[in-house]
Amino acid sequence: MKPGSEAEIEGIEAEIKCKLEKVNWLPGFYSLRPDILIANSKSYLDGKIYGIDAASGAAVSVLNISPGDHVLDLCAAPGAKLCMMLDLLGDSGSVTGVDVARHRLAACRTMLQKYSLGDRCRLFVADGTTFSLAPLRVDSRSRSCESSFEEKDERFREWTSRRPWKERKRAAKARETMSLQSVTTSENPELIFYGRHSGVVGLSKNKLYKTMSDLEVSSCGYDKVLVDAECTHDGSVKHIQKFENWGWTTLQRRVLDAVRTDSLTLLQAMPFFHHDLYTYIYCSQGFISSCSSFTLKLLRNGFRLLKVGGLLVYSTCSLTVAQNEDIVEQFLKENASAELQEINEAEEWPCKSGRIPKTLRFDPLTSQTSGLFVAKFTKLAA
């Protein structure tokens, strides 16, 4: 629930015809029966409530976001965790959201506008494994007054969805060009949204797209980084339930044959119940290997952009060891400056320890949430 809306709980309950049950172990969260739909409710449309799995909310809370922090969400779409970050951030600091899929990031933008949370946020269409832009630590209000008559056309004005026709045409042409090449080969990430106090207004494009050297990152990098990595989604109850509508026969095409090999690996021991039959979800070894390789690259880059003393949370909605503990072990071997941190909040949480000490696992049976793996790192001085 959006902070400040708690006083309206009775009205919300009357509208959706369901009692909101407080999630005692996670402040600001309430649970609903799975059959209750909120998307068309006035409370949802007015931005008083939004849907997010409690396990995902726990992953964000592990970051311990404080006012003034500069936060990077390296896989930002579809946006619920991004909204929670901005709620926690308050009136100072910034959140930078990055995602490789433009249409999914556009959904993030819609959410930010709907909940009036975008004031300190900027969104980039970019490959999270190579993104290198620094957080903007100077308040845009002081900079927007500097040489306002100089380089007028090269400085960012306040963002608006109603852009001039010529500007829309240039943007469409740029997207068409980008679609013909990999995102990683694009000269600069595409900025699709920025708030009034995100640090962008009044800034020149050269300064916005200035990348950080490793030396600069140590003191000027992000305070907090979330790498909620792309994975096989086998722990996501919502994702698996989509096959009720898609048809269970499409599981072969949508999951098993994503990258097809002859070797199949059991994603999890826990069966999913479907029409009085236990349906086991399998995935090809090649698919898991591909996801794990990409995930490790995301984690490496997220940590590279973290300043010394900052916190990084790595999470996936997979229950496989290959995409979780194996990634953490490999990452720690490669990075002497990375230290796994205890997640003290978890003492009151309905979750289990992962196979590596200090890591956590949520699962539908233990936690009454979707499956989620969580690990927290800090960066030590070299």
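Any Cβ shown, glycine's included, is placed from N, Cα and C.
Marked as active site, nucleophile by TrEMBL: Cys317. Per TrEMBL, the feature S-adenosyl-L-methionine binding site maps to Asp99, Asp127, Asp228. Feature annotation from TrEMBL assigns domain 'SAM-dependent MTase RsmB/NOP-type' to 1-380.
Rounded to the nearest whole angstrom, the C-alpha distance between Asp228 (S-adenosyl-L-methionine binding site) and the residue listed as 'active site, nucleophile' is 8. With respect to Cβ neighbours within 10 Å, the binding-site residues Asp99, Asp127 differ, and Asp127 shows the lowest count. The binding residues for S-adenosyl-L-methionine are recorded as Asp99, Asp127, Asp228; their greatest pairwise CA distance is 14 Å. By the criterion of other Cβ atoms within 10 Å of the residue's own Cβ, the least surrounded of the recorded positions Asp228, Cys317 is Asp228. In this structure the C-alpha atoms belonging to Asp127 (S-adenosyl-L-methionine binding site) and the residue listed as 'active site, nucleophile' are separated by 20 Å.
Rounded to a whole value, the Cα-Cα separation of the residue listed as 'active site, nucleophile' and Asp99 (S-adenosyl-L-methionine binding site) is 17 Å. Compute the center of the Cβ atoms of Asp99, Asp127, Asp228, which mark the site for S-adenosyl-L-methionine; besides them, the chain residues with Cβ within 8 Å of that center are Asp73, Leu74, Cys75, Ala76, Ala77, Val98, Val100, Ala101, Ala126, Gly128, Glu230, Leu298. For the domain 'SAM-dependent MTase RsmB/NOP-type' (1-380), the predicted model reports an average pLDDT of 79.
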